[in-house]
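Trainee: One structure follows; several queries about it will come next.
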Amino acid sequence: MNHLPMPTFGPLAGVRVVFSGIEIAGPFAGQMFAEWGAEVIWIENVAWADTIRVQPNYPQLSRRNLHALSLNIFKDEGREAFLKLMETTDIFIEASKGPAFARRGITDEVLWEHNPKLVIAHLSGFGQYGTEEYTNLPAYNTIAQAFSGYLIQNGDVDQPMPAFPYTADYFSGMTATTAALAALHKVRETGKGESIDIAMYEVMLRMGQYFMMDYFNGGEICPRMTKGKDPYYAGCGLYKCADGYIVMELVGITQINECFKDIGLAHILGTPEVPEGTQLIHRVECPYGPLVEEKLDAWLAAHTIADVQARFAELNIACAKVLTIPELEGNPQYVARESITQWQTMDGRTCKGPNIMPKFKNNPGKIWRGMPSHGMDTAAILKNIGYSEADIKELVGKGLAKVED
């Protein structure tokens, strides 16, 4: 396979990934591959560009490092070109409503006829099969959260709230990435392709597992948070200091002992309710739970964030200031690790945003390109798989492909 022009870098150099999907979930999987060195081709509708393009800034992050192909993959010669592309593809990711590709004639079996080693990842709200009531429904972040039991666990005691920004999309996209890589590893061992069925609600069901297990194995429903505090454990969650907010996790024998001395609760240490060796204080089951919260709230409110951080560092209590977005760039840890970076857009502007993560020591990721325009790489991609200038012109003339203006 001849690769498209791009630098060689990262742990996935030489892997070709193609994705078809809009907005966040499916494309996020493609974005991860692209930042780790894979050659990633982004398929867009010929007539209508990905709706993410209407956003002013986010697409410059979510579509960097990609090659843009505008092709009608379901019709006539456009379908033929797509299947030709699949012959040189390692991983194909599609995000749609249920088995939408199969309904339009592009089944796993059709794809494997053209490439028996292809890894196919189907990402949808409710999966590729199930009941007619759900399988073909559209789904976004909040739908997956609501249907999975994840949303009902978030929010405050007064009202459930979805977790933002777009948590289900990102978890599902990352699941597609990891599952596809696992499948690719096996394919290289066996030579046999794989198809992966990723239902967003099942991803969120698994991500919401912690408290659910108490219900599935005992019928206990965990309450939601109160003002950002852990529903089970005292000293864990969001707290207000004299000049802002911190989060903390009061976990550990020494940590509890020393913290209780600071906040005036040394007398309850070693009691039947807080016996020696206590590592966590249950806010409901422990009779002293409410008192711990009361004393801790008062102590924190009387101290600045800096003072609290310094003291908790001495006690080895995990805590962090709740940073505002403007505070991120100047934070010394962000600066030291270059967590925020800049890159050039295709029209020559400078864009700022999150850097590549995670950080590979020997084969680091790289930002080599901004978001391509609609159809920017169509001609180059089609030439790469054997199409002539005349062939491409014919596809464009029939409305089956779009090249950059």
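All positions are counted from 1 along the displayed chain.
Even glycines carry a Cβ here, placed using N, Cα and C.
Below, the features straight out of Swiss-Prot:
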type	residues	note
ACT_SITE	Asp169	active site, nucleophile
BINDING	Lys97, Arg104	CoA binding site
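What does the local environment look like for each feature on the list?
Mentor: Listed in sequence order, Glu23, Ile24, Ala25, Phe28, Tyr140, Asn141, Met200 are the same-chain residues six or more apart from Asp169 (active site, nucleophile) with CB atoms under 8 A from its CB.
A coil conformation is recorded for Arg104 (CoA binding site) in the three-state DSSP classification, outside any helix or strand.
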Trainee: What does DSSP say about Lys97 (CoA binding site): helix, strand or coil?
Mentor: coil
Trainee: In sequence order, what residues of the same chain, 6+ apart, have a Cβ less than 8 Å from the Cβ of Arg104 (CoA binding site)?
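Mentor: When sequence neighbours closer than 6 are ignored, Arg104 (CoA binding site) has Phe74 within Cβ distance under 8 Å.
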Trainee: What number of additional C-beta atoms lies within 10 angstroms of the C-beta atom of Lys97 (CoA binding site)?
Mentor: 14
